[in-house]
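Worksheet for the structure shown next.
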């Protein structure tokens with residue numbers, strides 16, 4: 001078959017125009033084009049048709065060294081990547097090339113990164129809780145198996161550490177596979193995560209097929225085209241795991257979904273589209289919907305997705321985080337004020353929500369304890385202005401007791417993480433759901449009113465808090 005060959009006519013940053021001289025043979029939108037620059041394969045994705053013979057493309061690699069007149073070949077299909085068992089333990093980029101120095105990904109099947117979401121009849125609506133072993137999450141914003149969870153937070157409040165702890169806890173306690181998509185984040189963090197996974201046995205270098213995770217990276221230094229598509233590459237790998245062998249439960253981590261939106265905004269501006277609110281692309285909701293609607297559970301298997309969402313300037317009303325809210329089953333909001341108190345994970349217990357915190361799903365006891373904890377913390381929050389102006393002495397005895405319990409609850413919501421052992425020196429703790437509920441039930445009922453606040457800080461179960469209290473007296 002004769003190849004459809006074009007020539008580069010214009011290069012502006014990550015946007016490349018290609019002219020095809022074969023009349024009537026203009027490649028389709030989203031097709032991948034290939035050209036070679038000093039033996040390096042460069043992939044271009046068609047975004048627009050301009051006139052009768054020219055296509056405008058977004059580059060997936062750096063355009064340095066490209067010149068006008070270079071030959072470009074139409075591959076005849078969208079970007080396609082290797083999927084299946086062979087991707088386990090490997091790191092690949094947006095176009096499916098291995099970037100871990102371990103050679104080609106052999107024997108795997110190939111799949112396009114563009115697919116339609118499963119139909120209504122294929123989707124599953126069962127609701128089961130996924131226990132994470134993190135107290136504040138399991139109690140106040142429980143995760144659903146096959147649900148979508150958003151981690152919202154500004155810069156430096158602990159989104160990536162929380163994601164790494166979830167990978168550690170859930171991937172070990174849970175038999176399924178994990179896919180991690182690094183979208184526009186720090187290369188150093190991606191490298192650290194890879195080596196931690198090797199150390200913890202999640203990645204097996206000797207026998208890669210025994211690994212539990214596949215990694216897909218498009219980090220901060222990549223062009224906007226790569227960052228805008230790498231989440232789709234990761235999702236395609238996750239879908240292949242979900243649909244194989246009569247179904248699997250898959251965990252899909254994205255760090256960071258905001259960078260997906262940000263890259264889309266850069267691409268949109270380069271293509272000359274008129275921006276919408278706050279300078280974002282006019283297709284913001286569509287882009288987000290196309291990604292999120294594919295992250296779903298079918299009757300065969302499930303994809304449980306955890307997405308870190310950077311909040312620009314800590315403003316939750318910014319269009320990028322606000323657009324993702326609509327797609328999520330649970331939202332975990334990380335608060336700078338709580339991080340400043342030294343309480344980690346810095347989850348805001350009043351802002352974080354979950355659709356499954358419902359007595360019909362989690363049970364009456366869990367629901368009542370969670371609501372009581374939130375009620376005590378809300379009362380404490382409303383009393384803080386009075387305390388700041390008049391001091392504790394002006395409060396009624398009942399309010400003083402509420403404040404005392406709230407401060408203990410606040411500290412008991414902290415927990416030492418396995419992945420943070422290296423820099424805290426404290427052994428990480430996985431807390432079962434029953435222990436979490438029992439501990440907070442005792443606190444709300446006043447069973448531990450006589451213990452010092454410090455006993456509840458950075459412990460796992462309530463038994464550990466009681467032991468710690470003995471050493472403090």
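Heads up, residue numbers simply count up from 1 along the chain you see.
For all residues, glycine too, the Cβ spot is worked out from N, Cα and C.
If you look up Swiss-Prot, you'll see 153, 154, 155, 156, 157, 158, 159, 160 marked as ATP binding site, on the strength of sequence analysis. Residue 158 (ATP binding site): 21 other CB atoms within 10 A of its CB, across all protein chains.
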Same chain, |i - j| six or more, Cβ under 8 Å of residue 157 (ATP binding site); the result in sequence order is 334, 335, 336, 339, 346
Other C-beta atoms within 10 angstroms of the C-beta of residue 156 (ATP binding site) total 10
Across all protein chains shown, the one of the binding-site residues 153, 154 with the most other Cβ atoms within 10 Å of its Cβ is 153
Taking all protein chains shown into account, the Cβ-based neighbour count within 10 Å for residue 159 (ATP binding site) is 25
Candidates 155, 160 (binding-site residues); min other-Cβ count within 10 Å returns 155
Same-chain, non-site residues whose Cβ lies within 8 A of the 153, 154, 155, 156, 157, 158, 159, 160 Cβ center for ATP are 310, 334, 339
